[in-house]
Amino acid sequence: MRITQILLCLVIVALSSSSHVWSDQIFPAHLVGTFSRNNREPKYKIEFLPEDSPFHPGDNLESMVMLDKHGNRFLCYLPKEEKATSGWTSSQQNISTVMMETQQLVKLKTPDELLQPLSEKCLFRQEGWWSYEFCHQKYVRQLHVEDENKIVQEFFLGTFDPEATAAFNQTVSDASTDASQRYHSHVYTNGTTCDLTGSPREVEVRFVCAETRAMVTSITELSTCKYALTVQCPTLCKHPLFQLEKPVSHTIHCNAIPVEEDATRNKEEQAVDESPKMIADS
């Protein structure tokens with residue numbers, strides 16, 4: 001669907017649901033809302049302006065006469081559709097920009113460097129019978145503790161494996177994933193032998209960006225004796241790949257058409273057989 005058609009639908013929805021009582025308003029413009037399909041796509045705000053304080057458009061806008069359900073006429077200005085200069089989507093261009101900025105910042109710390117504060121102490125998570133201990137770049141342990149911190153049962157889910165980690169991160173890319181869902185992984189292998197498979201336990205530790213404190217947020221068994229442990233880390237948010245792309249924001253301005261101008265415009269439209277789009281009253 002072309003962007004003009006999408007914007008037209010947004011304006012129609014706004015006109016259908018909005019009442020325009022200019023004399024009762026404190027502010028000259030009436031902001032209906034912000035529209036966007038996701039946090040990467042451009043955001044569009046729609047503002048309705050009264051006759052005595054109209055919007056003055058530039059040359060880069062398209063205009064269209066619209067009717068609301070009360071028959072009031074508005075001249076709305078929509079951003080012109082940009083001609084595609086490449087086969088890339090706006091999301092891909094955003095990602096490409098982030099990658100280029102990342103490469104240009106020579107002193108930018110890598111995700112592993114940003115994770116170093118986790119080495120200061122081990123993190124724990126309690127889930128029912130079991131407790132889980134994560135010691136950064138050392139090991140992940142599953143244990144059951146009773147009175148006075150007495151360990152009565154324990155399994156090592158894995159010890160840090162730098163070679164397996166490097167190989168894993170070479171084959172997995174999060175560039176196409178929304179920044180809020182990206183994570184950086186470390187692989188821990190050679191854990192306690194699994195009774196069901198006869199192989200050592202393994203765990204993938206997934207580090208995610210979170211502004212709150214560092215903590216283990218979840219532990220999942222992906223398959224028999226193979227686990228995924230999620231750790232949130234505030235310092236990881238400093239890396240561009242884990243920062244949310246800020247979408248471009250546009251405002252669609254709709255000027256109330258004065259009665260005199262409305263009559264003139266009606267005659268012109270009838271002469272060229274151009275009628276405004278009517279919005280059905282629901």
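Placed from the backbone N, Cα and C atoms, the Cβ positions cover glycine too.
These numbers come from a predicted model, not from an experiment.
Listed in Swiss-Prot:
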SIGNAL    1-23  signal peptide
CARBOHYD  Asn94  N-linked glycosylation site
DOMAIN    120-239  domain 'MRH'
DISULFID  Cys122-Cys135  disulfide bond
BINDING   Trp129, Trp130, Gln142, Asp195, Arg201, Glu221, Tyr227  mannooligosaccharide derivative binding site
CARBOHYD  Asn169  N-linked glycosylation site
CARBOHYD  Asn190  N-linked glycosylation site
DISULFID  Cys194-Cys225  disulfide bond
DISULFID  Cys209-Cys237  disulfide bond
REGION    262-282  region 'Disordered'
COMPBIAS  262-276  compositional bias 'Basic and acidic residues'
Tally of residues which DSSP labels helix, strand or coil - the domain 'MRH' (120-239): 22 helix, 63 strand, 35 coil
Per-residue Cβ crowding (10 Å cut-off), top of binding-site residues Trp129, Trp130, Tyr227: Tyr227
Top Cα neighbour of Asp195 (mannooligosaccharide derivative binding site) in the set of recorded positions Cys122, Asn169, Cys209, Cys225, Cys237: Cys225
Candidates Trp130, Gln142, Glu221, Tyr227 (binding-site residues) with Cα within 10 Å of Asn190 (N-linked glycosylation site): none
Arithmetic mean of per-residue pLDDT over the domain 'MRH' (120-239): 89
Site extent for mannooligosaccharide derivative (largest Cα pair distance over Trp129, Trp130, Gln142, Asp195, Arg201, Glu221, Tyr227, Å): 19
Site of maximum Cβ density within 10 Å, from disulfide-bonded residues Cys122, Cys194, Cys209: Cys209
Cα distance (Å, whole number) from Asn169 (N-linked glycosylation site) to Cys225 (disulfide bond): 21
Distant-in-sequence Cβ neighbours of Gln142 (mannooligosaccharide derivative binding site), under 8 Å, six or more positions away: Trp130, Ser131, Tyr132, Glu133, Glu154, Phe155, Phe156, Leu157
Residue among recorded positions Trp129, Asn169, Glu221 with Cα closest to the Cα of Cys209 (disulfide bond): Asn169
Asn169 (N-linked glycosylation site): tally of other CB atoms within 10 A of its CB: 16
Rounded distance in angstrom between the Cα atoms of Cys237 (disulfide bond) and Tyr227 (mannooligosaccharide derivative binding site): 24
Asp195 (mannooligosaccharide derivative binding site), number of other Cβ atoms within 10 Å: 8
